[in-house]
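Engineer: Sending over a structure as structure tokens; questions will come in a sec.
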Amino acid sequence: MNINDALTSILASKKYRALCPDTVRRILTEEWGRHKSPKQTVEAARTRLHGICGAYVTPESLKAAAAALSAGDVKKALSLHASTKERLAELDTLYDFIFSAETPRRVLDIACGLNPLALYERGIASVWGCDIHQGLGDVITPFAREKDWDFTFALQDVLCAPPAEAGDLALIFKLLPLLEREQAGSAMALLQSLNTPRMAVSFPTRSLGGRGKGMEANYAAWFEGGLPAEFEIEDKKTIGTELIYLIKKNG
């Protein structure tokens, strides 16, 4: 078995067939040679894939979200993805804070999950969202077409190909720690690559399991200490279980 065979095997499985092939190949390439056999390599890759995607997206939740949208229930759809469910009660407060200076016309939503639906509810005219699971796009895109809403979904791994789109604001919710765990230095590199003058960056203050001791302080120290000089922190606030930074590019 070589990497191509392993890639084909993983993408043929029901659990991972909707994943971005670039993500699967990246992880297989990183794991190749670390294990005694190709079988162990594939098992290790599957474990990592579950950690970055499986805990957030299931076929059942996507099916239920699509049904909720068909019934016109956007809030129920948002409740069916782990990240948007966590912030649902604070959604208005969150976006009142993010849009306090101005309401953007075009938003880039990086590793978007189902969050673009919240932007639709806020009346954002144009949204470009990317994620590593095609099922998310398959849920949101038909809804956007029905509503004649300018939404584009890209199946894209930002560690393999940074977004080339331009916008007024980028949302990077709870993503940077995951990127940094995958590749050291990639989190700040992503911010530098984005073609928007302003960004909203968030960090979890608790894990999905509810543990949160020291998380907020640790993430704040890491982010504020490592943010490149070309950025300025405009504001920050803890809302619900997220620490939110509003930053802008200088010059």
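Including glycine, each Cβ sits where the backbone N, Cα and C put it.
In case it's useful when we look at the structure, here is the feature table from Swiss-Prot:
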- TYR56, HIS81, ALA82, SER83, ARG87, ALA111, ASP131, ASP157, VAL158, PHE173, GLU182: S-adenosyl-L-methionine binding site (BINDING)
Engineer: Just to verify: the residue among ASP131, GLU182 with the fewest other Cβ atoms within 10 Å, which of the binding-site residues is it?
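Structural biologist: It is GLU182 that, of the binding-site residues ASP131, GLU182, has the fewest other Cβ atoms within 10 Å.
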Engineer: For a quick check of understanding: given the listed S-adenosyl-L-methionine-binding residues TYR56, HIS81, ALA82, SER83, ARG87, ALA111, ASP131, ASP157, VAL158, PHE173, GLU182, what is the maximum Cα-Cα distance in angstrom, as an integer?
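Structural biologist: The widest Cα-Cα gap among those binding residues is 25 Å.
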Engineer: Name the residues of the same chain, 6+ apart in sequence, whose Cβ is under 8 Å from the Cβ of VAL158 (S-adenosyl-L-methionine binding site)?
Structural biologist: ILE110, ALA111, CYS130, LEU179, LEU190
Engineer: Any idea which of the binding-site residues TYR56, ALA82, ARG87 has the thinnest Cβ neighbourhood at 10 Å?
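Structural biologist: Counting other Cβ atoms within 10 Å of each of the binding-site residues TYR56, ALA82, ARG87 gives the minimum at ALA82.
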Engineer: Check ASP131 (S-adenosyl-L-methionine binding site) against DSSP and tell me helix, strand or coil, would you?
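Structural biologist: For ASP131 (S-adenosyl-L-methionine binding site) - judged by DSSP and reduced to three states - the answer is strand.
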Engineer: Under a three-state reading of DSSP, tell me whether VAL158 (S-adenosyl-L-methionine binding site) is helix, strand or coil.
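Structural biologist: The residue in question, VAL158 (S-adenosyl-L-methionine binding site), is coil (DSSP, three-state).
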